[in-house]
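The annotation N-acetylmethionine is assigned in Swiss-Prot to 1. Per Swiss-Prot, the feature Mn(2+) 1 binding site maps to 28, 106. The Mn(2+) 2 binding site annotation in Swiss-Prot covers 30, 106, 179, and the record cites similarity to another entry as its basis. Annotated phosphoserine per Swiss-Prot: 400, 415, in sequence order. Residues annotated as phosphothreonine in Swiss-Prot, with similarity to another entry given as evidence: 411.
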């Protein structure tokens with residue numbers, strides 16, 4: 001693959017049309033490997049001898065934040081210098097010059113900042129439900145499996161298995177195992193197809209690492225935050241939610257929260273992080289494993305604005321859908337509230353609707369006479385929880401369990417920043433809304449009938 005990647009870089013210097021395989025903005029291991037393996041395969045099988053260029057959808061400077069990516073590249077002997085990052089290729093200029101064909105892998109929807117590139121998208125390969133209300137006007141292959149690398153492996157082995165070398169097989173094999181939590185049936189992340197293609201890769205290359213060995217190594221590398229600054233730790237796996245001008249960062253922190261709170265200069269680091277990125281609040285979701293290898297989840301809410309902080313904390317403490325079962329942890333600052341999260345099944349994805357409710361409650365309080373906020377929350381809390389539960393269920397109806405985070409630390413998922421159904425708040429439970437949701441579910445299910453290019 002090294003020679004191929006050198007050819008890709010050389011192609012960037014030529015004035016010629018380019019085929020780009022673009023991973024998602026999280027650039028997790030699945031996204032990186034899927035882009036590399038699919039582009040390599042398409043280049044090898046191109047009848048016109050076109051070159052397909054894999055592009056990692058982050059800046060080169062951000063790669064060190066993804067420890068499992070860095071570790072695996074070293075493990076399979078691919079030099080970081082050979083890779084092409086988003087800040088090293090001007091996709092917009094290529095598109096405006098009519099020289100860009102884009103293939104999306106491990107995502108199916110471009111962020112608003114890339115809206116101008118939509119016309120260049122020729123194919124989509126993803127493993128999560130279609131969020132748009134229409135089938136993109138291109139070849140679309142979407143299947144709900146644990147890892148997009150599974151779909152890439154399927155594409156290769158069904159199309160031209162003779163092109164698969166051990167290096168690419170090792171990349172796909174390790175990625176599927178990490179994404180599917182070592183194929184553990186109790187976790188429920190791996191589908192039959194994930195298991196099928198892991199077994200096929202192992203049959204073709206019997207010297208691939210043992211599953212437990214590669215899973216343990218990748219997971220250790222993924223959650224290794226030693227040497228990272230506070231800002232790097234917060235940016236390593238971060239989502240952002242907005243609500244009428246209020247902006248909240250939601251970051252996964254892969255260590256014991258109590259140890260995190262003892263970091264030197266932490267409060268000034270948190271303040272600088274929020275100020276530099278214009279966040280009104282920061283929610284840190286800590287997760288680590290105890291001595292019994294059981295997941296432990298903790299929460300910290302940092303917010304200098306007392307009203308916003310109290311509203312977020314109040315909604316989280318009172319939430320029953322889901323019930324977080326929070327126990328306060330002694331705080332190091334009046335601007336920070338920390339908790340032990342008793343319900344470890346509540347992942348970030350499941351917490352986001354609750355945080356959206358908190359932002360709505362805060363914004364409502366800005367329009368509510370002083371002293372009435374608590375009464376408003378308390379008076380309708382039970383009803384509000386029921387309505388939130390119904391609304392959340394209506395939002396995820398039609399999605400498979402595969403799209404939910406596992407009860408272990410998840411790999412970074414596609415960004416929820418842009419075009420998320422929750423960005424505009426929870427829907428009103430009217431007859432029209434129910435009808436609209438049913439229509440969306442039907443469209444989502446019908447995407448299986450869209451043409452795919454295998």
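Cβ coordinates are placed from backbone N, Cα and C, and glycine is handled just like the others.
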Inset, instruction - Out of 1, 28, 106, point to the one nearest residue 179 (Mn(2+) 2 binding site) in space (Cα versus Cα); all of them are recorded positions in the record. - result: 28
Legend entry - Residue, out of the binding-site residues 28, 106, 179, whose Cβ gathers the largest set of other Cβ atoms within 10 Å: 106
Inset, instruction - Using C-alpha atoms only, work out the spacing between residue 30 (Mn(2+) 2 binding site) and residue 1 (N-acetylmethionine) and round it to an integer in Å. - result: 18
Inset, instruction - Tell me the Cβ neighbour count for residue 30 (Mn(2+) 2 binding site), meaning other Cβ atoms within 10 Å of its Cβ, over all protein chains shown. - result: 28
Inset, instruction - Using a 10 Å cut-off, grab the number of neighbouring Cβ atoms around the Cβ of the residue listed as 'N-acetylmethionine', all chains included. - result: 18
Legend entry - Rounded distance in angstrom between the Cα atoms of residue 28 (Mn(2+) 1 binding site) and the residue listed as 'N-acetylmethionine': 20
Legend entry - C-alpha spacing of residue 106 (Mn(2+) 1 binding site) relative to the residue listed as 'N-acetylmethionine', in angstrom: 21
